[in-house]
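A quick write-up on the structure given underneath.
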Amino acid sequence: MSKQTLVLLYGGRSAEREVSVLSAESVMRAVNYDKFLVKTYFITQMGQFIRTQQFSEKPSESERLMTNETIELTQKIKPSDIYEEGAVVFPVLHGPMGEDGSIQGFLEVLRMPYIGTNVMSSSIAMDKITTKRVLESIGIPQVAYTVYIDGQDLEACLVETLARLTFPIFVKPANMGSSVGISKAQTKVELRKAIQLALTYDSRVLIEQGVVAREIEVGLLGNDKVKSTLPGEVIKDVDFYDYQAKYVDNKITMAIPADVDQSIVTEMRSYAEVAFKALGGCGLSRCDFFLTQDGQVYLNELNTMPGFTQWSMYPLLWENMGLAYPDLIEELVTLAQEMFDQRESHLI
């Protein structure tokens, strides 16, 4: 039986490129090599496409994907050279230029099926401010927030924020993930510094009311028909779940399924599915919620390319539902092909 080519794109231009490499290495080990041939391409911080390894069988545990230190610049290619008829692309890319619609649009121009959400839903979900406004419009609860856009009057923004929110306040770049650039402010001075830090990552800044809450996550899978998982919980040993805690210090554990009332489970799964459809989602996403002590549910964000390592929440949520990691990858390939066929059928 001939194998289908699965193209892995990893690395990328955003500050989340290290997470991308971890996710891609997990995928390359989990793929069913009876069915797939895996070709990998590293995208440098400057946006260069480098042809890296090819796998026809499961690599050894010591095998690592090539990155900045090990790539061969002689293998630099034109981005369009990744094209291969019949191949499916898994853009295991996080953050700007990865899950913001940019690479998705490129792959649509190439006429290649790809795993994940489309251009529109990727770009909307990547921007935390736009996501909040869309979800508010359909009645999904959001924590109170204000917005600062680079070039506006910062002092006026501080006055407005302190009139509407109380400390602690969280400040986030609108277009970053993996908690990159997020700060917790307890004073006006810290708030100003937090906004200035966020501006180094994005020109749009979300300023959000801090809440004492559990962090609960729901996985989503599907195209026109979407399925959701039972929720899982992020158990924190730190003040908040930042990049260092997530990927460097390993100061988090997960409870899957989360220990929450059935009514809350039903509410979260419903909100997650409605949000996914409202943003035009397809393929996969992970919805992140806050659950307060009094039972209030807030949808914090919708992540269209969640961390995909074997220890990441998203694959583990589906494993808890009976869908093993290799089978999850196969299902995503099938969904990618379905969406490709649907897009092509509309081009008449």
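Here the Cβ of each residue, glycine as well, is placed from N, Cα and C on the backbone.
Annotated in Swiss-Prot:
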type	residues	note
DOMAIN	132-334	domain 'ATP-grasp'
BINDING	162-217	ATP binding site
BINDING	Asp288, Glu301	Mg(2+) 1 binding site
BINDING	Glu301, Asn303	Mg(2+) 2 binding site
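On the structure: features taken from Swiss-Prot.
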residue	record	DSSP class
Leu162	ATP binding site	helix
Ile169	ATP binding site	strand
Met176	ATP binding site	coil
Ser183	ATP binding site	strand
Glu190	ATP binding site	helix
Leu197	ATP binding site	helix
Arg204	ATP binding site	strand
Val211	ATP binding site	coil
Asp288	Mg(2+) 1 binding site	strand
Asn303	Mg(2+) 2 binding site	strand
Chain-internal residues near Glu190 (ATP binding site), provided their CB is under 8 angstroms and they sit 6+ positions away: Ser183, Lys184
Candidate with sparsest Cβ neighbourhood (10 Å radius) among Ser183, Asn303, the listed binding-site residues: Ser183
Between Ile169 (ATP binding site) and Asn303 (Mg(2+) 2 binding site), the C-alpha gap once rounded to whole angstrom: 22
Winner by Cβ contact number (other Cβ atoms within 10 Å) across the binding-site residues Leu162, Met176, Leu197, Val211: Met176
Cα-Cα distance linking Asn303 (Mg(2+) 2 binding site) and Met176 (ATP binding site), given in Å to the nearest integer: 10
Cα distance (Å, whole number) from Arg204 (ATP binding site) to Asp288 (Mg(2+) 1 binding site): 21
Between Asn303 (Mg(2+) 2 binding site) and Leu197 (ATP binding site), the C-alpha gap once rounded to whole angstrom: 22
Chain-internal residues near Glu301 (Mg(2+) 1 binding site), provided their CB is under 8 angstroms and they sit 6+ positions away: Ala125, Lys128, Thr131, Cys287, Asp288
